[in-house]
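S.K.: Following this message is one structure expressed as structure tokens.
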Amino acid sequence: MLLRLVGAAGSRALAWPFSKLWRCGGCAGSGGTVWSSVRACGIALQGHLGRCSQQLALQGKLTSFSPRLYSKPPRGFEKFFKNKKNRKSASPGNSVPPKKEPKNAGPGGDGGNRGGKGDDFPWWKRMQKGEFPWDDKDFRSLAVLGAGVAAGFLYFYFRDPGKEITWKHFVQYYLARGLVDRLEVVNKQFVRVIPVPGTTSERFVWFNIGSVDTFERNLESAQWELGIEPTNQAAVVYTTESDGSFLRSLVPTLVLVSILLYAMRRGPMGTGRGGRGGGLFSVGETTAKILKNNIDVRFADVAGCEEAKLEIMEFVNFLKNPKQYQDLGAKIPKGAMLTGPPGTGKTLLAKATAGEANVPFITVNGSEFLEMFVGVGPARVRDMFAMARKHAPCILFIDEIDAIGRKRGRGHLGGQSEQENTLNQMLVEMDGFNSSTNVVVLAGTNRPDILDPALTRPGRFDRQIYIGPPDIKGRSSIFKVHLRPLKLDGSLSKDALSRKLAALTPGFTGADISNVCNEAALIAARHLSPSVQERHFEQAIERVIGGLEKKTQVLQPSEKTTVAYHEAGHAVVGWFLEHADPLLKVSIIPRGKGLGYAQYLPREQFLYTREQLFDRMCMMLGGRVAEQLFFGQITTGAQDDLRKVTQSAYAQIVQFGMSEKLGQVSFDFPRQGETMVEKPYSEATAQLIDEEVRCLVRSAYNRTLELLTQCREQVEKVGRRLLEKEVLEKADMIELLGPRPFAEKSTYEEFVEGTGSLEEDTSLPEGLKDWNKGREEGGTERGLQESPV
């Protein structure tokens, strides 16, 4: 309603009093009324109020209804509408210099190269120009669409359909009384009866017919029976009309096409906001992004992978100081492949590189190259490398490169062919670099084994940087990074706490450690603790390892007793076997999918003997043996234990060559989720493998049964104590079973003994001392924040 009235009144006549109102000191909706502002204007508005009083009254109603419209003045009127704080301090002599528009700002404001931020009040500018407040192009489109819809609605739903009658009624009421002017046979389906003007109130009536021949015979017979002379008989006219069914059938198709066209125009592939301006032809443009200086990750935030950090620092140094290497005849490596398990910090290391290196950093995901259109992948690869050459020297990071870098020749479907074409284009582009391009390509993947050899060869990715799970020193460094933002208890030392937590989390990756610290803070907040304490971290570690604690899960007394003796069997076997992992805690409170939970502290070692693996198998069978020994029956609770025992036995026989009958051979096992189409050994060998696995598992079971038979009283003690307390710590186990008869390591200092210093070696080589600044800078100017390493 506002737009309609303003347009009718004339925008120029209404714009002048609006500007006077703002000049006189404020918004009508934020403290006063429009008429008070008018009185404050004085003589300036006295001559114009007679002509525009109605417009001002309308503005007063609207401002009281929606003050948000006037909470911010339009552009061009900021100096007339100042904040209350600035009104007192502002003086007539102070002038604000006009804001300089950006060089490449779009029509919407000063947002940058691609249009930037739009106007807050575009309708006000149009009113100043004497135009309607709405956009003409959009209004014309909407007007045409609305007119078409209205016309169709009026035609199909408001036309007079006439009154339907029967043949008998037509003969008796119209034909016999001589009220018929003419008969119109429409589309050979029905007859429209046009009465003589002035005889009836209806314009026409109609009735259906079976066929034209039958209608003609019946009409002739009826007129003969009524004695109507041939000269007075009703005229019959045959016409063809459209009933709109064809147009109605086209409506769904037209609506669907309109929606698709609108989506293509306004969406990412169209020319609307956020589009690249090329419609369907823009799908071949790269989706790679050039990261700006708003990356808040630095190398100081990356720990536990110092060797990989040195490699990445050297790549940045290649681009910053190429002369240092070219003087010795060295060539800049073209790329590096970051590999390793999930959560070890590959992408985080790339983010830190983007935050530290003051060279352009271009990032893209491997899955963004493959789309529904054929040829999009190679086109985007070409466009991406063209962008990289344009911004050289720069770093190009391709995350999850296995999406396009899989080995070729493994499929014949269209998607596989498109992936191979994208990979071929990638190979060509990487080979097309010369030594002066100064573009370094980094890539990250969790599956280096499935990559094409042509992609990983030297000359494309010269270096393979493996980032594995951190050791105990690396975990301590990672804990220090993630403990920084936490509000710890005043009695806790970050160094001591990080070392203790590192000893409690063997095998954890950087992502797991980050999750532990976050869970500890959440647990502390859940209990309204003023700070994060050590017990919160212990609970968080149990939460990550064992899953969610289910204290409300109801177990039958018999089931609870079975679970208690099952866990007691695990604990006792591990306590009296030399190569078993030390026990930290055992609980019969359900966690995750399990009904019981035991936490061990495994040693970090890379080489295992046959005796060590055999003791681990015995420890995993302790629960099943305890059930058989104390209850005379077995349950399904040992399913996960049996699966691990079977995997360990097959690995010893098939992969590690620890079987005397099978010999010193090793066969590959399929990965989890993969299927082995063809076995690499014969049926006789497969039968021998199965026999050896059964024999090994049987030996472990018999040894475990013998051990628990000897320690039956100890298992009974642990089982009864578990039923009483539900959770047993290591101190409780020492009280019940006595000290463990074998030496074990449990502290950080014991684990790192004999490995040099207590912390990671973070020293840099001489050539990388000033890795993040050019030699020509002379040590005075730095690109970005230097790494503290």
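Backbone N, Cα and C atoms are what each Cβ position is placed from, and that goes for glycine too.
Sharing the record's features from Swiss-Prot:
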- 1-70: transit peptide (TRANSIT)
- 81-121: region 'Disordered' (REGION)
- 106-115: compositional bias 'Gly residues' (COMPBIAS)
- 139-158: transmembrane segment (TRANSMEM)
- 246-264: transmembrane segment (TRANSMEM)
- Val302, Ala303, Thr344, Gly345, Lys346, Thr347, Leu348, His482: ATP binding site (BINDING)
- His566, His570, Asp641: Zn(2+) binding site (BINDING)
- Glu567: active site (ACT_SITE)
- 749-789: region 'Disordered' (REGION)
- 767-789: compositional bias 'Basic and acidic residues' (COMPBIAS)
S.K.: Using Cα coordinates, what distance in whole Å links His482 (ATP binding site) and Glu567 (active site)?
M.R.: 34
S.K.: Among the binding-site residues listed here, His482, His566, whose Cβ has the fewest other Cβ atoms inside 10 Å?
M.R.: His482
S.K.: Fewest other C-beta atoms within 10 angstroms of its own C-beta: which of the binding-site residues Ala303, Leu348 fits that?
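M.R.: Taking Ala303, Leu348 as the binding-site residues, the minimal 10 Å Cβ count falls on Leu348.
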S.K.: Taking the Cα atoms as reference points, how far is Val302 (ATP binding site) from Asp641 (Zn(2+) binding site) in Å?
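M.R.: Here the two Cα atoms lie 36 Å apart.
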S.K.: Just how many other Cβ atoms lie inside 10 Å of the Cβ on Gly345 (ATP binding site)?
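M.R.: By my count, 27.
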S.K.: Output, ordered by sequence, the same-chain residues six or more apart from Asp641 (Zn(2+) binding site) with a CB under 8 Å from its CB, or 'none'.
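M.R.: Long-range Cβ contacts: Met620, Leu621, Gly623, Arg624.
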S.K.: Can you tell me the CA-to-CA distance separating Thr344 (ATP binding site) and His566 (Zn(2+) binding site), as a whole number of Å?
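M.R.: It is 35 Å, counting Cα to Cα.
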S.K.: Does DSSP give Val302 (ATP binding site) helix, strand or coil?
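M.R.: In three-state terms, Val302 (ATP binding site) counts as coil.
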S.K.: Fewest neighbouring Cβ atoms within 10 Å: which of the binding-site residues Thr344, Thr347?
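M.R.: Counting other Cβ atoms within 10 Å of each of the binding-site residues Thr344, Thr347, the minimum falls on Thr347.
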S.K.: To test your reading of the Zn(2+) site: which residues beyond His566, His570, Asp641, same chain only, put their Cβ within 8 Å of the Cβ centroid of those residues?
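M.R.: For the Zn(2+) site the neighbour list reads Glu567, Gly569, Gly596, Ala598, Met620, Leu621, Gly622, Gly623, Arg624, Ala626, Gly637, Ala638.
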S.K.: Do me a favour and check the Cα-Cα span between Ala303 (ATP binding site) and His570 (Zn(2+) binding site); whole Å is fine.
M.R.: 36
S.K.: Please list residues from the chain of Glu567 (active site) whose Cβ is under 8 angstroms from its Cβ, counting only those at least six apart in sequence.
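M.R.: For Glu567 (active site), the qualifying residues are Val586, Ser587, Ile588, Gly596, Tyr597, Ala598, Gly623, Leu722.
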S.K.: I'm trying to understand the geometry here, so how far is the Cα atom of Leu348 (ATP binding site) from the Cα atom of His566 (Zn(2+) binding site), in Å to the nearest whole number?
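M.R.: Distance (Cα to Cα, whole Å): 42 Å.
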